[in-house]
Amino acid sequence: MATEVLLPRVSSFRKWVCLLHSGSPSFLCSTIGFRAGMSGSERSEANVVFLFLGMVCLLAAPVISGSQRNSETNSVKAQLKLNAEPLFQINLHAFLLWASVGFLMPVGILLIRISNKVNYCKRALFYSHVILQIMAVLLFAVAVGLSIKNFDNFFINTHRRLGLALYALIWVHPFIGFLRPQRGVKLRSLWYTAHYLLGTTFTVAGIVNIYLGLEAYEKKTSRSLKLWTILFTIQVLIFAFIYLLQDKCYYIKSQGTILGKAQSAPSDHIATSGGQINEDKGGRLDPSEANIQ
């Protein structure tokens, strides 16, 4: 009889302990039902047990809460670290590509064009052009290497697809440059045309890809890059202005030279109604150069 009475109570006590451990909302109702089947002395003992368990819960609550907060903080820090590392790699990738295609290559093109218009420092300008182009190729290769190592290589947007095409093309351009034939050779004009068109096309496509990269960066990070876009546009406009101004400066200079010769013509050649006195012939009238009215 005692065993039959004890077993339901043991079963109820186990159920109550399970509910306490699980933190179920029905814990209070189960406790009331469990105490209802007890005698007076058993209820007193149960009260002591409940009081002890309550004190344990109160003392353990701050520890458990602090542990949960530390776990959440560590999780957030780990997530921020994971986000910060790719963000640094993206920024480095963008800087290297800007330095390569957005700065060094345009400057190299401007230098070689200047060397074709001046009669001094030609060799220095030429080697500066070569060095800048080599540096641009190396920086471009490093930027692509960072992209392959740290980013997913799914070519899902135009920026990545165009970047892959430029990476394949960038090795052709310096190879053609090192195959430069000497002046006077028949292949010289063909080489110059191919080198010029390839270099200009690559630079323009690279600048376009930088704009596409800025757009992709904004979508990925939800950060506005309007200021950087404006600054880069100003830089591109300055390079374009210098590029176009070079030919005009040469044209203006040549016009000034022709004008000077035209102004000095009356002192060199005196025209008369019967002919022209040529100083090269000692001032004698050349009948063959006479201008018969």
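Count begins at 1; order follows the chain as displayed.
Using N, Cα and C of the backbone, Cβ positions are placed for all residues, glycine too.
Note: TrEMBL annotation is automatic and uncurated.
The following features are taken from TrEMBL:
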- 278-287: compositional bias 'Basic and acidic residues' (COMPBIAS)
- 49-253: domain 'Cytochrome b561' (DOMAIN)
- 270-293: region 'Disordered' (REGION)
- 46-64: transmembrane segment (TRANSMEM)
- 90-112: transmembrane segment (TRANSMEM)
- 124-148: transmembrane segment (TRANSMEM)
- 160-179: transmembrane segment (TRANSMEM)
- 191-213: transmembrane segment (TRANSMEM)
- 225-245: transmembrane segment (TRANSMEM)
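Across 90-112, 160-179, 191-213, 225-245, the stretch most heavily in contact with the transmembrane segment (124-148), judged by Cβ pairs under 8 Å, is 90-112. Mean pLDDT of the predicted structure over the domain 'Cytochrome b561' (49-253): 82.
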